[in-house]
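Have a look at the structure below, then the notes.
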Amino acid sequence: MRRQPKHRPLLTVVVFLVLCGLTYGRFIADQSDLVSDGVHSSKVSNFLRLYAPEETCEQTYGFMPCTSTALGNLFLILVYGYLMFLAATYLSSGSELLLEILGPGIVGGLFLPILGALPDAMLILVSGLSGSVETAQSQVSVGIGLLAGSTVMLLTVIWGSGISTDIWTSYAGIIMAISVVPFIIVQLPQILHSNSGRHLSVLIGLIVSASLLVSYCLYQVFQPWVQRRRLAYAKHKHVISGILKHLKMRALGRLSTEDGKPNEEVLEKLFKAIDENEDGYLSHSELRALILGIQFNEINLDQDDAVEKVMKDFDITLDSRVDRREFIDGVGRWLQEAKSAASNHAGSMKYIDEFHMRTKRDHDLLGEQSDEIVEGVDNPRWNSIKAVLLLLLGTAIAAAFADPLVDAVDNFSNATKIPTFFISFIALPLATNSSEAVSAIIFASRKKLRSASLTFSELYGAVTMNNALCLSVFLALVYVRGLVWDFSSEVLVILIVCIVMGVFASIRTTFPLWTALLAFILYPFSLALVYVLDYVFGWS
């Protein structure tokens, strides 16, 4: 597990706010001498002014600083954005610390994905919650911009090349692609050029999105158990193929006859060679010696478990030993399984080698976890308190400064005439997802199967939570407040990126350089597509 950095979160926030307050106050004081008094002309342009007496702005909560100029709102975006970055960092650190203490399952399946998406969800919530319906309709573009920007950034900018992932990462990519279904549902009235069913489609999309959220959380809860079962099954199959290959090499003849039945004469000789005490039975110790002699060094094998499973395959009479007949019949069943799994090798025993290679490949695709260093948690009581405090502080910061950040983005858009979608698409994901992005880049750069699989699984999971939790919040706002769903170009961008990268994840476990180049190109392509569709073709 990753070691958690030392945090002094409350002190960091207080010092940062004090410094920002002093800086902001200094800016206001400096400009008060520069603004026109009616006789002398102003020395500062409207774009650069942070404060002007004739301009008014609405203070968030009635006391938060505000300004009507571009530079002032840019400063506020940087301040509030950094605070949201701190919130995301504290939530991530508290979640990982809690995971170290309590382990996966409920914590890893329910709490961690939700907490990871909490800053984005907060920003989306406040973008359409406050003010009148007209204000909410205007500011909700911040929410859709953040939703699309987070998805596109996570799937394109952080993409790597020359790496391999396991099969579970492919499953995560497939789930991510499926999670775009609510977007398609809510977009159906626009596709069909119908205005009557828009409100109903939002409700149906909300129900489907919430259902996907619950289903995904349940999958995350049970996935470690399923993964362990699949991995144990793959190991057993590889042990079977290894034993068959070993017997083939030691046999003085073919293990099966021309008609596919076990060659009893050859198998009897092998049975006698394994039966060291010559009592006519194979015991646990003799099967253990057989497995030890094969040396399964390429997998992390629990020898006791392997012996028990081989004994279970052979021991039909349940007397904890294998007689000659059971051995021959058991090897015969293994040979039939190997032959059915391999390609056609009529008249040869090459299918055993192919079966061995296939079971090894299947095992590797599932991702062996023996390279993880599991460290004990010192002082679990204190670390539990620390984790809860980090989670509470991160949640409090996200809740407190989400609304001011949305207001600053909206005011900056008004001052610069830049659409709020593009501002939130580019800037806000850097605040809410940058810590996750840096961590992903570091882990993916190691280019090991386990670290790459973990990185890409986390990225796919984060996008899935965006498409489930954040979209659920967004659709709930649109439905409850009676807002107009008019985001065809933005939805198209999300669909293109999620489906393209989801297809890559589902059909490939190794990603060459050209996949990384395509992923990088999708980021500017997404911005250009929204601009062309909205401002050239007039979709919105």
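One-based numbering along the chain as shown.
Just so it is clear, glycine is given a Cβ too, placed from its N, Cα and C backbone atoms.
All annotation found in TrEMBL is predicted automatically rather than curated by experts.
Among the features that TrEMBL reports, domain 'EF-hand' is placed at 262-297, 302-337. The signal peptide annotation in TrEMBL covers 1-25. Residues or ranges marked as transmembrane segment in TrEMBL: 70-90, 97-118, 138-159, 171-188, 200-222, 387-406, 418-444, 456-479, 491-507, 514-533.
Simply put, out of 456-479, 491-507, 514-533, 456-479 has the most Cβ pairs sitting under 8 Å from the transmembrane segment (138-159). Counted as Cβ pairs under 8 Å, contacts with the transmembrane segment (491-507) are highest for 171-188 among 171-188, 200-222, 387-406, 456-479. Pairs of Cβ atoms less than 8 Å apart link the transmembrane segment (456-479) most often to 200-222, out of 70-90, 200-222, 387-406, 514-533. The list of residues near the transmembrane segment (514-533) in space but at least 6 beyond its ends in sequence, with Cβ under 8 angstroms from a Cβ of it, reads 148, 152-153, 155-157, 159-161, 421-422, 425-426, 488-490, 492-493, 496-497, 500-501, 504, 508, 539-540. Residues in the domain 'EF-hand' (262-297) partition by DSSP class (helix H, G, I; strand E, B; coil) as 22 helix, 3 strand, 11 coil.
The domain 'EF-hand' (302-337) scores a mean pLDDT of 86 in the predicted structure.
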